[in-house]
Structures are given as C-alpha cells and as structure tokens.
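Down below is the structure, laid out as structure tokens.
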Amino acid sequence: MAVLQSHRAEMLSIAVAVVAIGVGTAYYFYVTRKPKGCLDPEKFKEFKLVKRTQLSHNVAKFKFSLPTATSVFGLPIGQHISCRGKDSLNEEVIKAYTPTTLDTDVGYFELVIKMYPQGRMSHHFRVMSEGDYLAVKGPKGRFKYQPNQVRAFGMLAGGTGITPMFQVARAIMENPSDRTNVHLIYGNVTYDDILLKEELDNLAINFPNRFNIYYVLNQPLKAGKVVLGSYQKKLFRLTALHQHPILRF
C-alpha cells in the first residue's frame, strides 16, 4: 500500500510539473511572438512619410512607414502620441495627435491633420514632403480602453477633436467580441470642415445598431450645395446651433 501511494504521489508530481512546463512554454511563445510596438515613451523616434494625400485646402492625410511591413505601431486604444517639428521661425514645437489607424493596420500609421494658418506645428506638416521624417514619442495619455468596459459611450467632438473619438469607435466596431454601443455628436462650423466623414459614414452603415452619429453645423447647408440620399437624410442632423434647443458648443 505504501509503495502504491508513493507511486501515485510521484505520478501526481510529474503531472504537475508537465502542466507547469506547458503553461510556461505557452507564455514564453506568447511573449516572444507578440509583436512589439515601434513607439518609445521616453525618446523620439523618426518615421518616414511615404504618402501625403490632400483632402481639402487645409487638411491632409499623412501616411508614415514603420520599420517593416509587419511592424505594429504599438499605441493602446484611447492614447495619443507627441510629434516634434519646427515652426516658421525654425523653433522646436511639440504637439499631441491621435492616429486614425490601429495596430491592425500593420506596417504604417496615418495622421489626418488640419493645418491652421498661424499654427506652429501646422507649419511643419504644411512643408512636409514624401520622404521626410517625423519625430514621434509615445504612447501618451491616462485613458486605456478595454473592450466591454461600459455598455455604451456618449461622445462629443468638435473639429479636429474627432480623431481620438474615431480611434476608439473604430476599435470598438472592428472587435467582434466588443458589444459596446457608440453615440457620437460631431460639431463643425461648415459642411466642408467635417473630417473623416467617409470613414464615419461607413461605420454608421456597417454597424447601424451600434454606431450612431449626429452631425451638427454652425452654418447650415446652402440649398443645392449637397444632395443628400435617403440614408444621409436620416443620418444627418444639420442645423444652426443657435436654433438648436439642446446643443451648445
């Protein structure tokens, strides 16, 4: 009997050891194979501008390449980056921006930038050409989104403030295990000031029961300026802010 119990204890020890080794091995492969982000929170790293797409007279999309075609940027959802450049007086300027891409977009990241006439960092982006480099540091910010942490998000954005909202909303909608709903109010002065309109409309079309967006304009559309389809008539809430009973910006 003593020999049998000893044998059982020995077999149990071996089984526990095998499980421990298996778990350790799995964790090792998870850590070693998990893509490492390209960002550094302590120092600036430079990324090459590979494509510049002018979206309007003062808005452009900047696509920057990562070290390899399979590299990930490494920016947690809900956080932003610091970009460093030179203003018109050749003085250093640093400003925070939120990419419109996610880590599922491997090999590159994109920034949609509105360039203001007197903006110091705007000057840097205005003179950037394909082949130039941008110094970036991050991640920055205290907020880190976790799937299903709330039942629904209510978002309010104006102008260029849409980029962090779009980042979170897109991550939520493209995650099949995330059931969070998003309600977004996006205000601008004119129709032409709306950024990421096509991308936002696509989210509303592809996720009609989970993503709701309301566009609010300070200056209403002029007759004949834009033809709205039946879907857009339902989607848009275009009104002068001073006439709106609730919304004030």
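For all residues, glycine too, the Cβ spot is worked out from N, Cα and C.
According to TrEMBL:
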type	residues	note
BINDING	Tyr97, Val112, Lys114, Met121, Ser122, Thr163	FAD binding site
DOMAIN	42-146	domain 'FAD-binding FR-type'
TRANSMEM	12-30	transmembrane segment
**Study point:** For the domain 'FAD-binding FR-type' (42-146), the mean pLDDT of the predicted model
**Key:** 96
Check your understanding: Sorted by position, what residues of the same chain at least six away from Ser122 (FAD binding site) have a C-beta under 8 A from it?
Key -> Ile113, Lys114, Met115, Tyr116
Point to revise | Pairwise C-alpha maximum, in angstrom, for the residues (Tyr97, Val112, Lys114, Met121, Ser122, Thr163) that bind FAD according to the record | key: 17
**Study point:** Other same-chain residues whose Cβ falls within 8 Å of the Cβ centroid of Tyr97, Val112, Lys114, Met121, Ser122, Thr163, the recorded FAD site, in sequence order
**Key:** Lys95, Leu111, Ile113, Met115, Phe125, Thr160
Review point. Around Met121 (FAD binding site), how many other CB atoms lie within 10 A of its CB?
Key: 20
Review point. Val112 (FAD binding site) has how many other Cβ neighbours within 10 Å of its own Cβ?
Key: 22
